[in-house]
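Beneath this line is the structure, given in structure tokens, with notes to follow.
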Amino acid sequence: MALDIHAHRILILDFGSQYTQLIARRVREIGVYCELHPFDMDDEAIREFNPRGIILAGGPESVHEANSPRAPQAVFDLNVPVLGICYGMQTMAEQMGGKVEGSDLREFGYARVDVVGKSRLLDGIEDHVDDDGVLGLDVWMSHGDKVTQMPGNFNILASTPSCPIAGMYDDVRGYYGVQFHPEVTHTKQGGRILSRFVQDICGCEALWTASNIVEDAIAQVRAQVGSANVLLGLSGGVDSSVVAALLHRAIGDQLTCVFVDNGLLRLHEGDQVMAMFKENMGVKVIRADAEKQFLDNLAGEADPEKKRKIIGRTFIDVFDAEASKLENIQFLAQGTIYPDVIESAGAKSGKAHVIKSHHNVGGLPEEMNLKLVEPLRELFKDEVRKIGLELGLPYDMVYRHPFPGPGLGVRILGEVKKEYADILRRADHIFIEELRKADWYHKTSQAFVVFQPVKSVGVVGDGRRYAWVVALRAVETVDFMTARWAHLPYELLETVSGRIINEIDGISRVTYDVSSKPPATIEWE
């Protein structure tokens, strides 16, 4: 009988915290399947989900405000362990008969909590032991309200001078609350705390591993598709590449990929995609050379949003044209991943969680009467990368920096022309090459060159040159919501600038973008 890698599962209820997806990722890293659902998930759905344990996440609300979110009653009726984090602890306390009050002294940022009680959750986990034998943890706090009275049968788990009940526990029922955030890296022992809850207290086995996920996905694809043929739009990005590798392993020649070369890709990227999938892996790939069509459609357009729409529409036209030549296609594969499935804006209200529609190939599913195959829809990006490696994709492909869907079309400011794209491709290639040589590529989260349609005077030998300006952009980020410009060494910047100006005819000046996000965005358009 096949292994059920979803059998041991944790339910995470979202009350609107910016950290909620991080909790899910941490639980998955432990090797346990979990799902994220809105706090108002109905009781029947919770029972049907049948979790081994439940985590109540944080949120921006105050429990003593009217209509503030509450955990469903089923959470406390299932007789499974429950961990409340921040707001989750507060609503647990309030709903079970305790008391929560606003605090004059809010705690945001690093804090040290003293471990007070002898609980299963924190037993043997500490960062410090003081002279009196008191155990301490370095944690990350982000709260205004605090629990001032615990429900019956609870004991104090942890304490700070301004928050005497910074944690509470009832070992008999397996109920725990912590006012700090174990899911963020600033809480040094956070991984151990979550592992203790998920594995030791909830009894979950680590079945959620890369090799098991691949086997499970292959079995599901085969069961869904049978002997039918599947179409995939292959971009060369991480998600579509992993889908291609996974489907090829699952169904072989039943998969046909269409790779649209729009003339806005990185240097040699089209050839690399074809070499990897068609030549090395034997995947059926149709390459549609549509550079002229894209550039013709973009001619004269300088508005960034309109450029994006033109590129999107042209992609659909080209993809449709290629797909219509194929026979007996019944399924369309897409690289939808789990964060796409979770409605991001819904985290604020907690009630707007809907499944996004992902017709990233336009109206094709309806027009061609195709059914969708989305083998990555349960996975976070870091999990997609891990299974990419498991499937034999090269590390450099799987851990490549993000590249926007419209490609160089949004890295050329203003109107897109072939001349600009050719110059930018070469400049970007030099920048990335030098980052790799200096061991800076994987220290940055994203790095690229921007073409500016501005000319500047330069001197070459005894002659004057009037040529284009480009900007280097490199950032460091964890989540791409905020980003810091990368503090690259001056010597590296000097090398990159020198090579670009000397090796590329048409560039006279190289600048470096030192804007962080916010206020600037990572991409320029």
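Note that the numbers count up from 1, one per residue, in the order the chain is shown.
Cβ atoms here come from the backbone N, Cα and C positions, even for glycine.
If you look up Swiss-Prot, you'll see Cys86 marked as active site, nucleophile. Cys86 (active site, nucleophile) has a Cβ environment of 27 other Cβ atoms inside 10 Å.
Annotation comment: Swiss-Prot describes His181 (among others) as active site. In the three-state DSSP reading, His181 (active site) counts as coil.
The active site feature in Swiss-Prot is assigned to Glu183 (among others). Non-local contacts of Glu183 (active site) by the CB criterion (under 8 A, 6+ apart in sequence, same chain) comprise Tyr19, Leu22, Ile23, Arg25, Arg26, Ile85, Gly190, Leu194.
Within 10 Å of the Cβ of Ser240 (ATP binding site) there are 21 other Cβ atoms, across all protein chains. Positions annotated as ATP binding site by Swiss-Prot: Ser235, Gly236, Gly237, Val238, Asp239, Ser240, Ser241.
Over the domain 'Glutamine amidotransferase type-1' (9-207) the predicted model carries a mean pLDDT of 91. Swiss-Prot lists 9-207 with the feature domain 'Glutamine amidotransferase type-1', giving sequence analysis as the kind of evidence.
Residues annotated as domain 'GMPS ATP-PPase' in Swiss-Prot, with sequence analysis given as evidence: 208-400.
The number of other CB atoms found within 10 A of the CB of Val238 (ATP binding site), across every protein chain shown, is 23. Cα separation, Asp239 (ATP binding site) to Cys86 (active site, nucleophile), rounded: 33 Å. Rounded to a whole number, the C-alpha distance linking His181 (active site) with Cys86 (active site, nucleophile) is 7 angstrom. A straight line from the CA of Ser240 (ATP binding site) to the CA of Cys86 (active site, nucleophile) spans 37 Å. Of all the binding-site residues listed here (Gly236, Gly237), it is Gly237 whose C-beta has the fewest other C-beta atoms within 10 angstroms. Counting Cβ atoms from all protein chains shown, Ser235 (ATP binding site) has 23 others lying within 10 Å of its own Cβ. Excluding Ser235, Gly236, Gly237, Val238, Asp239, Ser240, Ser241 themselves, the residues of that chain whose CB lies within 8 A of the CB mean position for the ATP site are, in sequence, Leu234, Val242, Val243, Ala244, Gly335.
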